[in-house]
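Copied from TrEMBL, the annotated features are:
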- 1-17: compositional bias 'Basic and acidic residues' (COMPBIAS)
- 18-28: compositional bias 'Polar residues' (COMPBIAS)
- 29-38: compositional bias 'Basic and acidic residues' (COMPBIAS)
- 742-1222: domain 'Glycoside hydrolase family 9' (DOMAIN)
- 1-45: region 'Disordered' (REGION)
- 190-210: transmembrane segment (TRANSMEM)
- 222-245: transmembrane segment (TRANSMEM)
- 532-562: transmembrane segment (TRANSMEM)
- 568-590: transmembrane segment (TRANSMEM)
- 649-671: transmembrane segment (TRANSMEM)
- 677-703: transmembrane segment (TRANSMEM)
- 715-735: transmembrane segment (TRANSMEM)
Amino acid sequence: MGDKDYAPRSYEPKDYDASSSDLYSEASTTEHKEHDPAGDNCSGSDEAVAKIRRTPSDIDLKGAGRRDALGILLRLAEVLEREDGAPPVDYYGDDVDSQLLGKPGKEVNFDLLNSYDSHNLKHGRSAGLLSTEDEDEDEVYCATAFNAPDVENMARNPVFGAAAVERGPEGEDAADRPKFEKKFKRQTKINWRGCFMVFIFLVTLCFYLWVRITKTLDLGKYLPYGIFILVVEMMGATTTLLYGVNLLLDPVNPPLPEDPARPGIPLVGLPYHVRVLIPCYKEGTELVRKTIQGAFDAVLPANCCRTIYLSDDGKDPTKRHMCREFGPDVVYVSGRQRAPGEVNGKSGNLNNCLSQIYPEGVPVPPNELVCIFDADQVANSDFYAKTVPLFDGGDDVGMVLSPQAFHNLRIHADIFNHANIHFWEYAQHGYDALGFISCTGTNFLTRASAFQEAGWSPTYTLTEDYALGMELKKGGWQCRYVEEYLAIGEAPEQVRNCFQQRSRWCKGHFQMVLSREHCPLFQRKLSLGMKILYCSGVWSYIVGAITTPTFILIPLLTIWAGVFPITVSWWAALALTVYTVAQTLVLNYMKKWKHIEALWFANIANQILWFTFVKACWRAMNSVCGKTITFKTTLKGASKLMDSALGDLWMPITCLLALTVSLGIGLQKLINGPAVITTLAISVVWIIYAMIPPYLVIHYTWIGRGGSLQLMCRFTFVLSYLAGILALLLLWAVYPRQYDFGAAAGDSLKYYDAMRVGALPADNRIPWRHDSLLYEAARSQGFNDLTGGWTNGGVLGNVKLTMPAAFTTSMLAWGVLAFSNGYQSSQQMDWAKESVRWGADYLLKTYKPLAANASSTVKDFEILYQVGNLTTDSEFWGPPEAMNSTNMPRPAYNVSTANGASDLAGQMVAAFAATALVFKDSDSAYHDKLMSAALELYGAATKTQAKYTRRFLYDCTSKFAKSRIGISAPASPCPPPTAFNRGSALVFYNSTSYRDDLLWAAAWMYKASGDQGYLADVNQFYGDHIDQEGDQDSFLITDWDHVFWASNVLLAQLTDQGAFHMATQNFLKQWICGAGNYVVYTPRGRAWNPNAPSLGATANAAFLSLAYAQISSKSISQAKSERYTCWARGQMRYVLGDSGRSLVAGWGKKAPQHVQNKAASCASTDGSCNKLNALFSPQPNPHVLTGALVEMASFSDSFQDMRTNNDTRVTIDYNAGFTGVLAGLHSASGTWAQCLQGVGVLTKDKAVCDSNL
């Protein structure tokens, strides 16, 4: 075609008659008429219709009839000359044409015609009957009715001549025939591989749903968010199931019988007449020419014929003249008048032509077929041979479909999924087996009678093909699918066209579902399965419009707001893994490995187009309220729309920017954040995956569509699958472990059992510990029995120090009182109470009244603050069992309250009062004994108020002690050795204040007795401490030497006074939010205080946080209470394993094995143990000091498990708060998953850190 001359190939040399149907059709089609009152179409007045659809006998050679006759003769002459091999001619010059034929609507000047001789004839290219200059846009060009007299076709096929419409194909009366005499029998076979995959998906879906409901929704106040995400996931699962239905069966299509005379061409049972309709609007002429040429050249089965109709809504004279070049088998139809508010221009165009071919009320014989090609779809030469014979399968075969292919498609860069492999080769494959008619708008044939019964092409929706399939199914018609690419078209390339096309498809589906009259759910003639399938399209659009933005927002919300939709756990990891794999197997079911890329592009396209679906859904919803939806064609070829990329891409650009910024923030937090970063790590990987679609469409628009895009598609294809695999691996590798806090509390209590000395009880749980130090006494000082208690551990080794023991006892007792539910539920209450009693029993032995008390109302007491010589003890490395009075004397160090020992006595008072409360209900005698001791020591502590260490000046305090107490030591020089300081441990345990200890004692006495007098003392000591010692409080320390903050928590519980709440919340705010030089966080999330760097100090702060969170008060909001609990939980998780290893001996993974403890590091008690074979040995401790919390004082998450490293030290006061907070967490409300919620860039601990107290 194109520049070379065209000679029609459908003619055989024969004698032509003026009544020939083909010639008549051509002449009638090219007839142009004036604008008549009936409208610019071919269904105006009855007279006009009669003019067009008359038989040759009606021609009277007058008026229009004479004009028709002239046209027929002129065309006949031209055709005959071409058949003789002569060049094409124009029988008259342009001026003669004008004179002979006149203006449109006027009669031919026959008199002038007779006056012209042959020498006036002009030879040249055929220009048709009319010149372009003389034609009007308002002219109407019509098609001839199929039942017009057709002399030539009647001669070839008399049974299907004009009388056939009356006699029917068998000659019987059409009214007496059943609708379908021969019904199509669909053959299928089970696709076992597809069934297996769908079955696996169903099983895993049920399992996943159970896990999600029972194991992953423990989200606290974020539960609604979690439920919403689960609902969205299930919406996605339904689309997977709908797609999976297509994989259950395979259609079986027996081979077609071949025509012996024409090898490769199948036989047909009827001489079909294929009416090929090509609707066009403003497509380029050359584009349309190729489509006509393909339809024209395609080989027809034997005894079949074909007529092509170009239905031009663009009224393009160029296309009209092009049709004339093809001869009478190509008919140009145009000039229809569009109805106001027309919804579907394509349907209106097709129906205009169809109504002319098939007049209303005239039965259509079954051999009439209608074939539809879009203006860009070029048929293969075997198109008719592969499709037309399938109508012989049964009288009820109403449609034959074939897939679409595109010549301008880059298969490795098909980001808009134009190839649509998953639909053409998988979904339609399954639809064929199920009998579902899914018409796709082009490259299909319908039986004309079925098409007519369906009301022709539906005009009430933008997706006429979808609606046509449903109408045919309602009528009982069957569809057959040819799984071969029999035509090739042109895919839209510009972004605007791509979005517009998919928007039209989406809106059309919604128009159907939202229509009361046409909604598939309300169609009685459809089975339930068909109703579901016809609604599946709109459901897929809804799911795509919801799931894609939702899954983009999930990682963004995780990073910025700290909200994750599930509880990440082992169960979640298992369920997500099996479900994801099963869903991937279904969605990526492949017949060929090369299809995996095409299936991936289908997913990418949905993620690119989600906002288009949202807008289309919204506009379709608005249309229900009366707003108009317009039909917009997808323009191709030379007349494409201008590329308004920015208008269509603002959402992908926005998404990509948001994801990129979030990725940077997420990576920064990932590098510098805590070790357990499950939700954060998954979100970062998720973001990388979510960035792929918006990036690809931006690359497509502004960077390039060739090799660079293809390279990026291949790279991101691999990247997306790697991201999915990595996300699953992260679930398994770093999902938050579940810690049994109750069991950990029990192990911590075992540590106290291991630190006991004296006569051990019969139920001793530590098999490698035995009775020891039974000789401890200070008889010369009046202390005949100093056995019992705990060795201090750490730098003090086997020395017993009273003040840390008292603090430990009071904290253990407080834990029993505050977290009794945790101890009870973990079955550790009896062991906890026994440990508290063990500590209190020893403390009762460490004081006695002074002899000078006889004349004093308030007694003074002598208190032993230390048993054992630090100097000699530090030189000895061995267990207490190896010590005896000969090799290791145990001197006692005492102070008198008369000289001031308020701090030491105050700690003992608090221990006695707290322990008394523990045994108040179970052992009243013991309770009374402890309260008596507390009462008399309280009097002595308040009588002479001073530090018990004031007579010992230690300017030479070690660096360790300085870092431990956090303040500068006094400036006085060290005193010479005396009986009081020789071997004393005060160089390491130097008390720095006493008013906080008095406050601590008064608070516990008030709690134990309810005496308001103690509350008055509280107020006095509180003020005195702030005035005289308050500078120490800024160090935020809670340990044996600093109990001000602990006193505030206790008093807030006891009194609910605002001052105590404000102080406590300020303390916790600084710990939780970081307080500059006082509290900082390690990369893995530990709150580290440089002034109290041990893990014990952090554990004590966590104890106070949890204890305060459980106070019921208007001063503590629910949000704050939750964050206090979560912070305590997080710090304990760090200790138990979230740091990357356990920091508790005998607990969890990578537990310390070289703790610095003399008893645990020695294999025997026979005295053979020494520093060389124990302290400096690289071997793990022969005995596990279960439950011991290591010191780990350095600002590092890296723990060196070396016995000579101070980080491996363990002491009784380190475990004091640790044991209680573990028990409290065992029964605390909430979970770690809930704690992880709301901790994002914008919302981290907002309730605490942004509060004004």
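Cβ atoms are placed via backbone N, Cα and C, with glycine included.
Where the annotation comes from TrEMBL, it is an automatic prediction and has not been curated.
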Positions whose Cβ lies under 8 angstroms from the transmembrane segment (677-703), at least six residues beyond its ends:
413, 415, 495, 551-552, 554-556, 558-559, 564, 568, 604, 607-608, 643, 645, 649, 652-653, 655-656, 659-660, 662-663, 666-667, 669-670, 709, 712-713, 716, 719-720, 723-724, 726-727, 730-731, 734-736, 1236
Of the listed stretches 190-210, 532-562, 568-590, 649-671, which one has the most C-beta pairs under 8 A with the transmembrane segment (222-245)?
532-562
Any chance you could find the range in 532-562, 568-590, 649-671, 715-735 with the most Cβ pairs under 8 Å to the transmembrane segment (190-210)?
568-590
Intrachain neighbours beyond the transmembrane segment (568-590), with Cβ under 8 angstroms and 6 or more residues off its ends:
193-194, 197-198, 200-201, 203-205, 207-208, 211-212, 215-216, 237, 240, 243-244, 247, 426, 596, 599-600, 603, 678-679, 682, 724, 728, 731-732, 735-736, 738, 1233, 1236
Suppose you look only at the domain 'Glycoside hydrolase family 9' (742-1222); what would the mean pLDDT be?
91
